[in-house]
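Visitor: Relevant sequence annotations retrieved from TrEMBL are reproduced here:
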type: ACT_SITE; residues: B:K76; note: active site, charge relay system
type: ACT_SITE; residues: B:S168; note: active site, charge relay system
type: ACT_SITE; residues: B:S192; note: active site, acyl-ester intermediate
type: DOMAIN; residues: B:26-484; note: domain 'Amidase'
Amino acid sequence: MVRAFNPRTQEAEAGGSLRVRGYPGLQNEFQDSQSYTEKPCLKKQNKKEMWARALRVRFPVPLDRGRGFASKAGPQGKVQEVRQGTHSPRLASQGAGRVPAAKIEHLERLALVNFGSREAVARLEKAIAFADQLHALDTDGVEPLESLLEDRCVYLRSDNVAEGNCTEELLRNSHHVVEEYFVPLPGNVSLPDMVNKTPSPTAE
Amino acid sequence: MLGRTLREVSAALKQGQVTPTELCKKCLSIIKKTKYLNAYITVSEEVALKQAEESEKRHKQGQPLGDLDGIPVAVKDNFSTSGIETTCASNMLKGYIPPYNATVVQKLLDQGALLMGKTNLDEFAMGSGSTDGVFGPVKNPWSYSKQYRERQRHDEHGDSHWLITGGSSGGSAAAVAAYTCFAALGSDTGGSTRNPAAHCGLVGFKPSYGLVSRHGLIPLVNSMDVPGIFTRCVDDTAVVLGVLAGHDPKDSTTVQDPIKLPMILGEMDVSRLCIGIPKEYLVPELSSEIRSLWSQAADLFESEGAKVIEVSLPHTCYSIVCYHVLCTSEVASNMARFDGLQYGHRSGIDVSTEAMYAATRQEGFSDVVRGRILSGNFFLLKENYENYFVKAQKVRRLIVRDFMNAFDSGVDVLLTPTTLSEAVPYLEFIKEDNRTRSAQDDIFTQAVNMAGLPAVSVPVALSNQGLPIGLQFIGRAFCDQQLLTVAKWFEKQVQFPTIQLQDLMDDGSLVLENGKLTSVSLT
């Protein structure tokens, strides 16, 4: 027996939409200690009413695709409404902040990876804007989760040599080996300026 | 034989109805016939035949190792396999031959499985389409199925409209869907096993974090990665999981809880089950077909007496953002090991160590990988660490709590869609960049990785286009067996049709009757 599915439209509790204000990213380079000082203003809804309505229908279909809502309670029971994007979920509609050139260079040095093009920098900016949405969420008093196994004692082996003696196998995969040594290059030469340039063999 | 379950084939091998060598040769020939799918990067023909020979000896002596002895399997190319090239579909590891087997690979081999080859993926498992590896994209076998083709307009029969498999373990999915092997290993960091399973009409299982060893799995995100399993039916997944699960001294993130083996899925009393439907997963982008199937599935459980309730996972909309930050951060850290010195590609630059490292990574990594490394490094900068990385870790705890609350309210299993839509054509898919697509496609699957819960995608029905649609079940941590029991019951109810691959039907390899595989010729 299959029950007929009755899609009811979810009423537009939508009334006043609460825009989640994103962050300007790196346009303003201030970072206060919290850095998420801007909190979206909270509109108190009649929570009980909303939940009752939501539970009555199994799958409410939003009236208008562009204004679909999901209400959620924050960690302290505060109700925040987040506007869902029409397109790919929650790609920030706010403009992506520009990342200054000095920071680009810094990242390239740290990562030892080139951006290589203006598009790549633009992609980073979009990624940052996407990540900025996290700041809208209040996480006061919440401990960071480092490992899913945090309430267990993780196994540690006893400190006995059980394996090894595989020097040949390990050296086999390297391109440049002398006797039993991996061969790098001089390490006291600083990395040349790599912003938007692919490294060339004659880099100073 | 190809249409049978693992246990049935194993029984047939034990009784001598078929030999491992015959099975092996048949699968190898199908691999050759379906080469256009680009599912395999490396086909380990000699290795497989040798293994088949040894398996045959054991069977003749009446001493098979177990249910997997003589069974062809495939492994995603980010698992280390001793003596067999392991590339992660990247230039960085082209030509890299690991000196050891990943624990899960070793476990399969110890049970006598035949390794058919290493399957294609997105580079370093980053992506949701299996389109971004250096060996080219993987094609979804369903693009060539009768069910799909007969619903297309005549002028779309050319090969340019082929569909993606989903990702990142698309090669493994295509390999199993095209009958080149009985089971395949994938990896699942944000849905990389469940997504292609849904698109290819397979069972795609993600075990609980800590249940299966990650030793030898080239890491992407240490706190979320798990090996995943692809099979054509839930029982087969249980067989494979029974072999793979368990503590590994070489992976300290595997738990030491005892596991009941063999993993046999019994009957289930549906009337004692409580199914949760997370309401935040009903997003506008979800296709109406999948929404309808989701609803019908819920109705099905209810009609059999199960309690079906709506639950709330309030932080769902932040989940993908949190995943994005944590994933890129851990990736930036894990990719730092590729410097060209001890293994992998090494650039010819000889000016300095740093210049050599930089050039190696420039040449070895694709744009996608480099982009994630740079994003990750940004979030890990001293000035950003608290605001992005630690913040994301806090949000992760909130998401884990959401799941815990849902399960604590009496829910046994959550039921959600796996993907937003059926498989899309490649030409459609590449219109958006990798990060955007991942953010869209991982939406239902990544929260599960953040919470470390077991989940399985079960194929439900064909869409109006004739393409597979899957639904996802999510279970409590370490209740993998219970989850699979529910999935098995559901699979039996929906009776998902067999793929009618024209090539294999034309030459008599697959014989179908009423849409069901009846026999396979071994010649």
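All residue numbers here begin at 1 and follow the chain in the order shown.
Glycine is no exception: its Cβ is also placed from the backbone N, Cα and C atoms.
Just so you know, TrEMBL annotations are computer predictions that nobody has curated.
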Visitor: Can you tell me the three-state DSSP label for B:K76 (active site, charge relay system)?
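Guide: Where B:K76 (active site, charge relay system) sits, the three-state DSSP reduction gives strand.
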Visitor: Within the domain 'Amidase' (B:26-484), what mean pLDDT does the predicted structure show?
Guide: 94
Visitor: My understanding is the cutoff is Cβ-Cβ under 8 Å with a sequence separation of 6 or more in the same chain; which residues meet that for B:S168 (active site, charge relay system)?
Guide: B:L121, B:D122, B:A125, B:M126, B:G127, B:S128, B:G129, B:S130, B:S187, B:S192, B:P196
Visitor: Can you tell me whether DSSP puts B:S168 (active site, charge relay system) in helix, strand or coil?
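Guide: In the DSSP reduction, B:S168 (active site, charge relay system) maps to coil.
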Visitor: Out of B:K76, B:S192, which of the active-site residues is least crowded by other Cβ atoms within 10 Å?
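Guide: If we count Cβ atoms within 10 Å for the active-site residues B:K76, B:S192, the smallest count is at B:K76.
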Visitor: Under a three-state reduction of DSSP output, how is the residue listed as 'active site, acyl-ester intermediate' classified: helix, strand, or coil?
Guide: coil
